[in-house]
Amino acid sequence: MGKIVDIVIPDLGPDKDVDLIDIMVSVGDRVEEEDGLITLETEKASMDVPTTQAGIIKEILVKVGDKVNSGDLIAKVEVEDDNSVAATAPKEQPKQEAPKAASTSASKPIPTVVDASGAGEVKGQVLVIGAGPGGYSAAFRCADLGLQTVLVERHDTLGGVCLNVGCIPSKALLHVAKVIEEAEHISHAGIKFSKPEIDLKGVADYKSGVVKRLTDGLSGMARMRNITVIQGTASFIDEHSVIVNHTKEDKKTVVKFDNCIIAAGSQSSKMPFIPHEDPRIWDSTNALEVKEVPKKMLIMGGGIIGLEMGTVYQKLGSEVDVVIRGPQVMTGTDKDIVKVYTKANEKRFNFMFKTQTQAIIPKEEGIYVEFKGDNAPEPKTYDVVLVAMGRSPNGLKIGLENTNVEVDDKGFISVDNQMRTKVPHIFAIGDIVGGPMLAHKAVHEGHVAAEVIAGHKAYFEPKQIPGIAYTFPEIATAGLSEIEAKEAGINYEVASFPWSASGRAIASDVSGAGLTKLIFDKDTDQLIGGAIVGDNAGELLGEISLALEMDCDAEDIALTIHAHPTLHESVGMAAEIFHGSITDMPNAKAVKK
């Protein structure tokens, strides 16, 4: 008879009382090492817990519905004497040769046994620099493909700018702003609320709680994948090693790698004429702290970040001016889409189009700003100036001069369609390689880089990259804009469905600020682009994105039955307009009698 070994829940990090949702084995089953035993569900994800021993299941000590924690006993396994090892004891790892760059097969992952935070040297088959959405996705994919992975992140928690001081906290604050907005506008329907009492600490705590829930989940998933995580900033020593300066400690760690994925992201652009050292000059990170609500705020730039944060602060009580160099907000977005947004926000913001700041002078009473341009107002004094004039890549800040990786003077890294740089075993993804600076683009690029390193034939060749402004109303786009179609010389036709003809939009009181627009190639009837402006536009964009990827034509979309009444059916109706089968509004293509 063999020995009985206890199998326990591995380290779950900060997660407590995790739900056990499935048991994959029964008493008497034979299991091999790494076979799944149970499935747990945390707030972030579901995860399988494997057995650390091969043998026969003799006893199962948990049941579906239990709340479990790190170290809890799961089962007892009978193992052969020569296979018997305490389940919780670290196992000696077999020596294995690290795969060459872009090898045709991936080796089994080596569980991390090095405390990277205090070690002088760490080795990995893959090093990922930056743990934003692209970076952590690349690292997780590498680990899942059997590669020993090291992940370096400068923030206290995984998630990068997006999760810590970008996409996620801003959406939490926009949710708060949306609730205020809806409460203010429901009085005409017989529901009246008093003016909201705003507790800024409560708002900030809510935002921080959202971030913590997600970052804790990422940390747990990194542990489950045996990824070595080092907190600090990395700089290349040569083409096979970096030095990491630890963020919180006076320590340095050398990381040696066979392959590297650079996902070092970007940062808010700094303008030389702006006194950024003054605490009343904010960037988006400062704005997300919600420590105060300035009475008067100036937003420099008519892009997405500034308009989103301006929306938040306007709902919290600020008077907001927006200075815009050009004739419209969101440069590059089609005029008919922007027109709907601008009209809906005429009372929210004081837009100053074709205007620039000429001088920004900190004074005791506030930030004194002088303007120039076609519509320049008299000088004004603001409590806060939010600088939202784009982002700059970090390619010039990570020691790439010590490698042959090609970087331009702005900091963008040159890559091919496999995300490979000029150095074959070094890859780059995300903001740092150019194109739209969007988390979801970086995620897909990260998957490609990881799969190429593991020997798979993977390429980043998307037919569309969706973009969303989470403003009120939202603007969502995919594929070509009308501007781009015209510049490309395409014989195109636009089909737009106004939400004023949508039953759901009218019932939901969002019909006044909504439009669904599809762009078709007139020669082939194929969809080449689309845009939606309106409530929850981002949630409606998925069909357009999929239709573009699948090369759908107008008939494919128009003949797809869409649920009624929904805002989503506006996509189908826009296709019907082009197809000539629309019945919910006058049909310009109807047969004339």
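Backbone N, Cα and C define each Cβ position, glycine as well.
Residues or ranges marked as active site, proton acceptor by TrEMBL: His564. Taken from TrEMBL, the feature NAD(+) binding site applies to Gly301, Gly302, Gly303, Ile304, Ile305, Gly306, Leu307, Glu308, Gly390. Residues or ranges marked as compositional bias 'Low complexity' in TrEMBL: 99-110. As annotated by TrEMBL, domain 'Lipoyl-binding' applies to 4-78. Positions annotated as region 'Disordered' by TrEMBL: 84-110.
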Residues satisfying Cβ distance under 8 Å from Leu307 (NAD(+) binding site), sequence separation of at least 6: Ile299, Val322, Val329, Met330, Phe349, Ala469, Thr471
His564 (active site, proton acceptor) and Gly301 (NAD(+) binding site), distance between Cα atoms, whole Å: 39
Segment-level pLDDT (mean, integer) for the domain 'Lipoyl-binding' (4-78): 84
His564 (active site, proton acceptor) to Gly390 (NAD(+) binding site) - Cα separation in whole Å: 40
Distant-in-sequence Cβ neighbours of Gly390 (NAD(+) binding site), under 8 Å, six or more positions away: Ser268, Ser269, Gly301, Gly303
The domain 'Lipoyl-binding' (4-78) - residue tally per DSSP class, helix then strand then coil: 0 helix, 38 strand, 37 coil
